[in-house]
């Protein structure tokens, strides 16, 4: 019975996935995933990305955000990306594979960044979901806290932070922590974010060095 339920659920997910207009549009335009449209909507509204910027992309695989970032910052910009999963190489993207939670990986990432010269830190990280809501929420909040800590180590004064956060326990405190570090903080729910998902994007600007 369980296998039948899982099979039916999987079939529904696959149908929804391939019927999804954002999936179809991503395939048509050569983007690696539909997630690019979430970032594009944030960029359309907040205009944070410009040529020659240095940006850090956390949770980068399969790479649609890095693709988009490389286009926006251009040849004179720099995209430094990290993910625990492998990612096929992209022109203009310096990719580091490893677990961002491990000290050695964090140190290697900081070495590539080389000082407080980052204009924007972006995080689309999410933990492997276990199905236990409280465990999954704690894991996701830990990742966003690490991303905020990365901002404190590498962001320029007045730099920006775009981070995916799941609403739930710990969200309000994290939002306050971000407000303590940035002058302006907005919450975005892009159209490309599935309605049933608890994910939102915190968009913070004006980093207080």
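Keep in mind that glycine also has a Cβ here, set from the backbone N, Cα and C atoms.
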Listed in Swiss-Prot for the S-adenosyl-L-methionine site shared with 63, 65, 83, 124, one of 46, 99, 136, 149 = 99
Request  = Quick one: pull the CA-CA distance for residue 83 (S-adenosyl-L-methionine binding site) versus residue 164 (active site, proton acceptor), whole Å only.
outcome  = 15
Neighbourhood of residue 99 (S-adenosyl-L-methionine binding site) by C-beta distance under 8 A, where only residues 6 or more apart in the same chain count = 84, 105
